[in-house]
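A quick write-up on the structure given underneath.
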Amino acid sequence: MQPLVLLLLFILCFSGLGQPGIINNDLQTLLEVKKSLVTNPQEDDPLRQWNSDNINYCSWTGVTCDNTGLFRVIALNLTGLGLTGSISPWFGRFDNLIHLDLSSNNLVGPIPTALSNLTSLESLFLFSNQLTGEIPSQLGSLVNIRSLRIGDNELVGDIPETLGNLVNLQMLALASCRLTGPIPSQLGRLVRVQSLILQDNYLEGPIPAELGNCSDLTVFTAAENMLNGTIPAELGRLENLEILNLANNSLTGEIPSQLGEMSQLQYLSLMANQLQGLIPKSLADLGNLQTLDLSANNLTGEIPEEFWNMSQLLDLVLANNHLSGSLPKSICSNNTNLEQLVLSGTQLSGEIPVELSKCQSLKQLDLSNNSLAGSIPEALFELVELTDLYLHNNTLEGTLSPSISNLTNLQWLVLYHNNLEGKLPKEISALRKLEVLFLYENRFSGEIPQEIGNCTSLKMIDMFGNHFEGEIPPSIGRLKELNLLHLRQNELVGGLPASLGNCHQLNILDLADNQLSGSIPSSFGFLKGLEQLMLYNNSLQGNLPDSLISLRNLTRINLSHNRLNGTIHPLCGSSSYLSFDVTNNGFEDEIPLELGNSQNLDRLRLGKNQLTGKIPWTLGKIRELSLLDMSSNALTGTIPLQLVLCKKLTHIDLNNNFLSGPIPPWLGKLSQLGELKLSSNQFVESLPTELFNCTKLLVLSLDGNSLNGSIPQEIGNLGALNVLNLDKNQFSGSLPQAMGKLSKLYELRLSRNSLTGEIPVEIGQLQDLQSALDLSYNNFTGDIPSTIGTLSKLETLDLSHNQLTGEVPGSVGDMKSLGYLNVSFNNLGGKLKKQFSRWPADSFLGNTGLCGSPLSRCNRVRSNNKQQGLSARSVVIISAISALTAIGLMILVIALFFKQRHDFFKKVGHGSTAYTSSSSSSQATHKPLFRNGASKSDIRWEDIMEATHNLSEEFMIGSGGSGKVYKAELENGETVAVKKILWKDDLMSNKSFSREVKTLGRIRHRHLVKLMGYCSSKSEGLNLLIYEYMKNGSIWDWLHEDKPVLEKKKKLLDWEARLRIAVGLAQGVEYLHHDCVPPIVHRDIKSSNVLLDSNMEAHLGDFGLAKVLTENCDTNTDSNTWFACSYGYIAPEYAYSLKATEKSDVYSMGIVLMEIVTGKMPTDSVFGAEMDMVRWVETHLEVAGSARDKLIDPKLKPLLPFEEDAACQVLEIALQCTKTSPQERPSSRQACDSLLHVYNNRTAGYKKL
């Protein structure tokens, strides 16, 4: 009965309204709205009530109706319901709607313009969705709206000027979108607005002065944009403003003194702009100010004395400016409330004043990256509220006081890179809240105190590079939260404490480069989270404990250079290895099959052990393997066929084993192979011709085997080969003429074989031969080719123990580079010229016909008799032949001279310029430039001049310290880059230069720019290098060029592209340093030399060019100009050594990596006069939050969390590359490994989303 009554009442109420159309309209509209909203089928449907069976829609989830009895929908609150789908235009039909909240869902698509029909709307909340498109300008008609919050979406385009019509607006929140364009000056008409939130967009242009009219404004934040211009003084009129945040923009000029008139201001952040000038004293008048952050600008002068009187100030952050002076003794004289004082990187000098102890409320003190000297004052340890103390990168000295025990709230103690010495006080045990202890690169000595184990909150300990001695305290095992223990490069002795196995959170354990002994404790097997185990360069011994098999998360292990033995099987529990190094130990037994389970393993080093058995076939499963070193073991059997699947192999070293069988023909399928070392084994049979398909081979060492047959002509295919060692085999037959094609050979050893025939004259074509030419202990006959004397770099020549005849060519004696010469035990004769006297007699023994210094003097009479014995007829014949030969050569030289002179003048013409239209002629047009095979066809001088309009400026695409670069589009459709070298000499006539450039031209790598050819004109002083053209310019252009044509490109240079470029750069440098023999030092790595092809792949240019030019210039040439164009990239040691090394290249590469991530130039003004990019990155990387966030180029934002992590990892690698000491920098190969690790794990974060 009761339900029936209720139903009748409900019907009467509705019929009494007389408004069935209105009811049906709102009901129908709600049902239509629902059609565009999608709920998660895995969860309870929050809109299950929204259906036509339930016409009481006022009770539906999120629906609110008015209380007038008309049942009109006035509010829809669907926030946080996990909705997907889109916003339906039907929302615009709720005529009486006052409040619409669709925030915190996953809605996509545009904001419908139909929402502008909601003329009664007072609040519109669409924030935290995935909405796209532009903000509809029609929203400017919502004149009753008070709160408009549509941020945290994917919205693009400009902020509509029509929003200035919303005169009742109190809150406008458009943060965290992708909005562009200026802040509309029309927003200055919003006189009632209280909150204007525009941060984290791409807004640009100046801040409109009209915003000073928004008199009710209490919050204005436009941080994380691209705003420029000056801060308008009119903002000083905002007397009600409490929060002003303009951080991370490009604002310039001085800070207006009028900002000191905002009497209610509590928070002011202008950090990370380009502001300059003095800090206005008027800011001290802001009596309510609690936070002042002016860090990372170009501010100068001293900190105003008045700041220390601001009684309400809690946070003062002035880091990374160009301030001067020292900390005043008046600090905190009238302000004991200061909690955060951050003055890092402000060029402070002098000592830390004892008066700092007056800041009794101080929680964070950061004075790092300055020039502070003296000791840490005892009074500093009276700041008992301190949680963070950063004093690193100064020149502090003295000891660490035991009074540090007073700082019982301390969580971060960072003192690295100072000159602190003495013992680490045992009183540190009182710091029970300490989480991070960084003391590395100081002069601490003595033992690490046992009491450190009482600091039970410690997560990271880094004491690398000190003089700590004694044993590692077992008490460290009590640190249950520890994830980093880095004690490398100290003087620690004794065994590894078994108690370290209790540190179950350890990720990195690095105890390398000490004097540790004993065995590895079995308790290390409990370190289940361990990722890196570095124990190399110690004296550890014994078997590996079986428990290590439990370390399934290891990615890097290095136990090299110890005395360990037994089996390595306990290390094979992980299938996540990236690098595995146990070289130089005494490991025995067979190589475990399980090593093949780490499919991302890049480098496997097992050399110099006592491993036995066969090479595991399972290694063929490691498709990422690039280096395999099993040298100096006792391995037997054949090389397993499965290794043919490791297509990325670049280095194979199996030297000094007992491997047998023929050399596998399938090795020829490893197209990336650059180094093959199979020396001192038991390989037999002839060389497979397939092996010579490995055209990237740089080192081929097969000596000490039983290989036979002849050396095939196909060896000439190995044009990149630097080292060829076939010593101590059974090769026979003659030396192939194709050997002369190995023009990059640095070392050639063919001794102790059975080679016959004459030494081919083509051997003289090996102009890069330097280390050795050893043909000893063979059966070579005939004369020594005089062409050997042209090998101007050769240091060792051994032709001993052959059957050579004739004289020793005088040109050999003229070889200035030759240090070792041995032609003993041949059948040589004649008189040695005086040039040979610099070698000992042993070099010529066993040649009965030889005489002269350093051998016995020639018998003049016997010599004359022998000459007479030739007969007068012979002498006449020989003289006649010599005379005719000399005349013939003279005629040939004269003819060639006139021909070249004729061709030259036909090429350059006779006008005032070298490149007139008359320069083309039938003969000249067919004279090609030198080229290295990279071009489609011969490139002619005239082609280049025509394509560039005689090197006109309109075709110039770049310039630098070495010259200008032009783009040349040739008639054959090919595009090349032409570099005009600014050098006064005719470089191409310099044989040394010509040889070096030809060598560089033969270098091929996917991340190096190909040098295609060169030419010069002596009369015009022009030297041209022809390079492969890179369509997308340099990474410098993309990061720093302000031309409008690049604006769209900047948006395309996303994090994925930048990371790929960073890896490509590192791979190019690694190739130069580790895969070229001899290694090539680039000398001028910078972002403008990192070029991008059409696929945005990185190619390093100008490699080797600086060295070639500086070594081939006259004494008046200032070679340092090669570094003048690279300021900001130069390693610090170059300033005093003036010597470029691989480690100085690594430093320059580190700077480029920082540039790629931060988007800043190495000399960016944000660093200040006394701080460089390295210290700036280091300063911000070591702190969390906004300071770290500013390291990432704003153009990359927003990034996903794991992308930000990857960016920070790249910066950490860059910091390692830019260590002050070259010895502490990684090799380019190690840096490349680290970057590849970041790149290969870049998608891991997607799985967590």
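Glycine residues also receive a Cβ, built from the backbone N, Cα and C atoms like all the rest.
Residues or ranges marked as N-linked glycosylation site in Swiss-Prot (evidence: sequence analysis): Asn77 (among others). The Cβ of Asn77 (N-linked glycosylation site) lies under 8 Å from the Cβ of Gly62, Thr64, His99, Asp101, each of which sits 6+ residues away along the same chain. According to DSSP, Asn77 (N-linked glycosylation site) is assigned to a strand segment.
Proximity of Asn117 (N-linked glycosylation site) to non-local residues of its own chain (separation of 6 or more, Cβ distance below 8 Å) is seen for Gly92, Arg93, Asp95, given in sequence order. Taken residue by residue with DSSP, Asn117 (N-linked glycosylation site) is part of a helix. The feature N-linked glycosylation site is assigned by Swiss-Prot to Asn117 (among others), with sequence analysis given as support.
In the three-state DSSP scheme, Asn228 (N-linked glycosylation site) falls into the coil class. Using a 10 Å Cβ-Cβ cutoff, Asn228 (N-linked glycosylation site) registers 16 neighbours. The N-linked glycosylation site annotation in Swiss-Prot covers Asn228 (among others).
In the three-state DSSP classification, Asn248 (N-linked glycosylation site) falls within coil. Taken from Swiss-Prot, the feature N-linked glycosylation site covers Asn248 (among others).
Among the features that Swiss-Prot reports, N-linked glycosylation site is placed at Asn298 (among others). A C-beta separation below 8 Å, combined with a sequence spacing of at least six in one chain, links Asn298 (N-linked glycosylation site) to Gln274, Leu275, Gln276, Asn321, His322, Ser1165, Val1166, Gly1168. Reduced to three states, the DSSP call for Asn298 (N-linked glycosylation site) is strand.
Per Swiss-Prot, the feature N-linked glycosylation site maps to Asn309 (among others); the stated evidence is sequence analysis. All protein chains included, Asn309 (N-linked glycosylation site) registers 14 other Cβ atoms within 10 Å of its own Cβ.
Taking Cβ-Cβ distances under 8 Å and a sequence separation of 6 or more, the neighbours of Asn369 (N-linked glycosylation site) in its chain are Asn320, Ser344, Gly345, His392, Asn393, Asn394, Met1171, Arg1175, Glu1178, Thr1179. According to Swiss-Prot, the N-linked glycosylation site annotation covers Asn369 (among others), on the basis of sequence analysis.
What Swiss-Prot lists as N-linked glycosylation site is Asn393 (among others), and the listing cites sequence analysis. In this structure, Asn393 (N-linked glycosylation site) belongs to neither helix nor strand by DSSP; it is coil.
In the three-state DSSP classification, Asn406 (N-linked glycosylation site) falls within a helix. Around the Cβ of Asn406 (N-linked glycosylation site), a 10 Å sphere holds 19 further Cβ atoms from the protein chains shown. What Swiss-Prot records for Asn406 (among others) is N-linked glycosylation site, and it gives sequence analysis as the kind of evidence.
Annotation source Swiss-Prot lists N-linked glycosylation site at Asn537 (among others). Within the same chain, residues at least six positions away from Asn537 (N-linked glycosylation site) with a Cβ under 8 Å of its Cβ are Ala512, Asp513, Asn514, Ser560, His561, Asn562.
According to Swiss-Prot, the N-linked glycosylation site annotation covers Asn565 (among others). Under the DSSP three-state reduction, Asn565 (N-linked glycosylation site) is assigned to strand.
Annotated N-linked glycosylation site per Swiss-Prot: Asn708 (among others), in sequence order, evidence recorded as sequence analysis. For Asn708 (N-linked glycosylation site), the same-chain residues lying six or more positions away in sequence with a CB closer than 8 A to its CB are Val684, Glu685, Ser686, Asn729, Gln730, Phe731, Ser732. Mapped onto three states, the DSSP output places Asn708 (N-linked glycosylation site) in strand.
Swiss-Prot lists 94-118 with the feature repeat 'LRR 1', giving sequence analysis as the kind of evidence.
Taken from Swiss-Prot, the feature repeat 'LRR 4' applies to 168-190. Looking only at the repeat 'LRR 4' (168-190), the predicted model's pLDDT averages out at 96.
The feature repeat 'LRR 11' is assigned by Swiss-Prot to 336-359. Counting residue by residue with DSSP, the repeat 'LRR 11' (336-359) contains 5 helix, 4 strand, 15 coil.
According to Swiss-Prot, the feature repeat 'LRR 14' maps to 408-431, an assignment based on sequence analysis.
Each residue contributes its Cα atom, and for Asn565 (N-linked glycosylation site) and Asn406 (N-linked glycosylation site) those atoms are 48 Å apart.
When the glycosylation sites Asn248, Asn393, Asn565 are compared by the number of other CB atoms within 10 angstroms of each CB, Asn565 has the fewest. For the repeat 'LRR 4' (168-190), DSSP puts the residue distribution at 5 helix, 5 strand, 13 coil.
Classification of Asn369 (N-linked glycosylation site) by DSSP places it in coil, neither helical nor stranded. Taking the C-alpha atom of Asn406 (N-linked glycosylation site) as reference, the shortest distance to any of the glycosylation sites Asn228, Asn248, Asn309 belongs to Asn309. In this structure the C-alpha atoms belonging to Asn228 (N-linked glycosylation site) and Asn248 (N-linked glycosylation site) are separated by 11 Å. Each residue contributes its Cα atom, and for Asn248 (N-linked glycosylation site) and Asn309 (N-linked glycosylation site) those atoms are 28 Å apart. Within the chain carrying the repeat 'LRR 14' (408-431), a Cβ under 8 angstroms from the stretch's Cβ atoms is held by residues 363, 368, 376, 384-402, 437-455, 457, 462, 468, 1182, all 6 or more beyond its ends. Taken residue by residue with DSSP, Asn309 (N-linked glycosylation site) is part of a helix.
Using a Cβ-Cβ cut-off under 8 Å and counting only residues 6 or more beyond its ends in the same chain, the repeat 'LRR 24' (648-670) has close neighbours at 607, 615, 623-639, 641, 676-694, 696, 701-702, 707, 1075.
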